[in-house]
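In what follows, a single structure is set out as structure tokens and then discussed.
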Amino acid sequence: MNASQQIHVFSSHWKVESVIISLIFSMIFLVGTVGNCLVLAVLIRNGQMNTKSTNLFILNLGLADLCFIVFCVPLQATIYTMDEWVFGAFVCKAVHFIIYLTMYASIFTLAAVSLDRYLAIRYPLRSRETRTPRNALTSISLVWALSLFFSSPYLSYYQQMDLDGTTVCIPAWSVHHRQAMDICTFIFGYLIPVLILGITYARTIRYLWTSVDPMQDMSESRKAKRKVTKMIIIVAVLFCLCWLPHHLVILCMWFGHFPLNHTTYVLRILSHLVAYANSCLNPIVYALVSKHFRKGFKKVFGCAFRNRVVNRIHTVQPAQTVSLMEAASSEGSNHCDGSTRGRLWSKSSKKMMTSAFMTFNVT
């Protein structure tokens, strides 16, 4: 096989891989966007952020994942599917900054919620004064402040450059500075938080499974705490497992034998895909483990479907309108709140008085 044939085969091979990578990134984007939006909708709709600190942490985790999915995943997909960087110097800096900002925010939030769960399980009465929504918001503010501090160097870490007529977005720091930065990211953005997670959840699990309950049957409150703790532990373990290959690849580049060839390039892509996929896994975990979230997802879908049906009703005769409204109201009462039904009836009555035809626009 001559050189031109080899180039053709290699090019065709990478075209196939580019299509596969694009499909995987698209799936991550779709599942992550829909899933995290549903999580935020369930928490905000139920209005439980003001009563439970754990829900605030879950809300913050979903917000960080959603920001990562929306702002980073589409742009990162182009790095592996396009020949050059086309989004400009500012986006080159911003996208990598947001990647590490949301990564730090997620792992710090998981560390904070592990402490919250430990206090809730180990000291259920004494921790009530500490585990307040106000203190949770303070902790979340601290999480984002620390995340901003640790990720801000990445605003200058990457830079748009021209290499042999090709525009690329690559690290601009010297080798020694990049090595020091990557090591610090691994220590503060992975190793220390994972140690905190391991210690707190080990103590929590040991207490849950070894403490003696004076009652024969476990109380409903304790069962609920176990389920929530189980769900958060699964989320934390998935985060650690998904981001581990990313950090290992970077460490191997600095301290191991990691030559730049087709195999190592594929490994780097896979490490990124696994890390990015973590942002769409949490809603799936919530749906599988938590009955509360399953009911919340059904309610959100139910109301969205019924509102969509009502919005499609245009220019209906008055008699038909009344019957349709009664049907929509009676069906929607099981899923939508009373305020929505009230707005529906008030709007309909006003329009029926002024015209023989009606247009519904329930939001």
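Yeah, the Cβs are placed from backbone N, Cα and C, and that goes for glycine too.
Straight from Swiss-Prot, the features:
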type     : residues     : note
DISULFID : Cys92-Cys169 : disulfide bond
TOPO_DOM : 1-23         : topological domain 'Extracellular'
TOPO_DOM : 45-54        : topological domain 'Cytoplasmic'
TOPO_DOM : 76-94        : topological domain 'Extracellular'
TOPO_DOM : 116-135      : topological domain 'Cytoplasmic'
TOPO_DOM : 157-179      : topological domain 'Extracellular'
TOPO_DOM : 201-230      : topological domain 'Cytoplasmic'
TOPO_DOM : 252-268      : topological domain 'Extracellular'
TOPO_DOM : 290-363      : topological domain 'Cytoplasmic'
TRANSMEM : 24-44        : transmembrane segment
TRANSMEM : 55-75        : transmembrane segment
TRANSMEM : 95-115       : transmembrane segment
TRANSMEM : 136-156      : transmembrane segment
TRANSMEM : 180-200      : transmembrane segment
TRANSMEM : 231-251      : transmembrane segment
TRANSMEM : 269-289      : transmembrane segment
* For Cys92 (disulfide bond), nearby residues of its own chain (Cβ under 8 Å, 6 or more apart in sequence) -> Trp85, Tyr158, Gln159, Gln160, Cys169
* Contact check, the transmembrane segment (180-200) vs the transmembrane segment (95-115), 3+ Cβ pairs under 8 Å, seq sep 6+ -> yes
* Structure fact -> Counting every protein chain shown, other Cβ atoms within 10 Å of the Cβ of Cys169 (disulfide bond) number 23
* Secondary structure at Cys92 (disulfide bond) (DSSP, helix/strand/coil)? -> helix
* Examine the transmembrane segment (136-156) against the transmembrane segment (24-44) and state whether at least 3 Cβ pairs sit under 8 A, considering only residue pairs 6 or more apart. => no
* Asked: What kind of secondary structure is Cys169 (disulfide bond) part of, going by DSSP in three states?
  -> strand
* Please work out the mean pLDDT for the residues of the topological domain 'Cytoplasmic' (201-230). => 73
* Structure fact -> Long-range CB partners for the topological domain 'Extracellular' (76-94) (under 8 A, at least six residues beyond its ends), listed in sequence order, are 18, 21-22, 25-26, 29, 154-156, 158-160, 166-169, 269, 272, 276
